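**Student:** Attaching a single structure in structure tokens format; questions to follow.
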Amino acid sequence: MPLEASFVGRPFPLGEPYEVGVEKVREFCAAIGETNPLCVDRAAARAAGYPDLIAPPTFAIAVVAGAQDRLLFHPELGLDFSRVVHRDQRFTHHRPIHAGDVLSAVACVDSLRVLAGNDVVSVRTEITDAAGDPVCTTVGTLVARAAE
Amino acid sequence: MTPGGAPTSGPGTSATDVRDPGDRAVAPAAGSVAVGDELPPLTVAVTRDRLVRYAGASGDFNPIHWNDRVASAVGLPGVIAHGMLTMALAGRLVTDWVGGPGGVVELGVTFTRPVVVPNDDAGATVELTGVVGAVDEQAGTARIDVTARFQGQTVLGKARATVRLG
């Protein structure tokens, strides 16, 4: 079943802003084994000129998950999630995310394609801060394998 | 399917493997970096413990990353690591070298093969290496090309970062 073409460009924002917590950044660092003081030691981060702990570059995926899920699990999109694999992901950081950030995220489908019978969905999500300034742009591609 | 042979690093039951931190808040100076320079390699034991921690930290609770029954039912050889966890490890290789996340302008990967994580203390050994692929002296940036291997095969494709030099 083809995916719903009208989703291309349709914005899906987070319901509420994502507030970056100190302990959430530390939890993420513990999970990936990140021990850089800028990420886990508030005094070190502040001494280096950051407002608070800064997050590893892929932490942004936790920020955008809510907006992306609203889009990808939308029943009218028609994506069979049991057949989905994550093909690629790219983050462009306009500045580091730090604890205390209150972030908004808007996800939208960049493109919908069918390749060899598989649905290929490219999703772009823009993260902005409380002032509306850009923080991170992330683009990912999901592939839903064709049903047998 | 179990990872072949013995793991190349320690038992790795901890989620915080230890590296020499070195001077970690300073990016390499632009003039000191050349194409072909190798980054210090990073070897990480990806255990079930780590997958559970990553699921909680990231909010990705897809059961293929912790439940053997579900992983088998969808045709996987076993529980597999989150691709985003492997990408995070690639990010660590880069941030360790560039002095922290503040130096990373761009990070992108393609997920080419799953990392199958056995239910034992050793886990799956992921070996990450990186090399300077290009230097843009005007912009003060470098491109880092990352290779991630599991059981001798690459698990990421086109894994590249753009970093800001000092």
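Cβ coordinates come from backbone N, Cα and C, glycine included.
According to TrEMBL, the protein has these features:
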- B:1-16: compositional bias 'Low complexity' (COMPBIAS)
- B:1-25: region 'Disordered' (REGION)
- B:42-147: domain 'MaoC-like' (DOMAIN)
**Student:** Counting by DSSP, what is the helix, strand and coil composition of the domain 'MaoC-like' (B:42-147)?
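**Tutor:** DSSP composition of the domain 'MaoC-like' (B:42-147): 39 helix, 35 strand, 32 coil.
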**Student:** Take the domain 'MaoC-like' (B:42-147) and average the pLDDT across it for me.
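**Tutor:** Overall, the domain 'MaoC-like' (B:42-147) comes to a mean pLDDT of 96.
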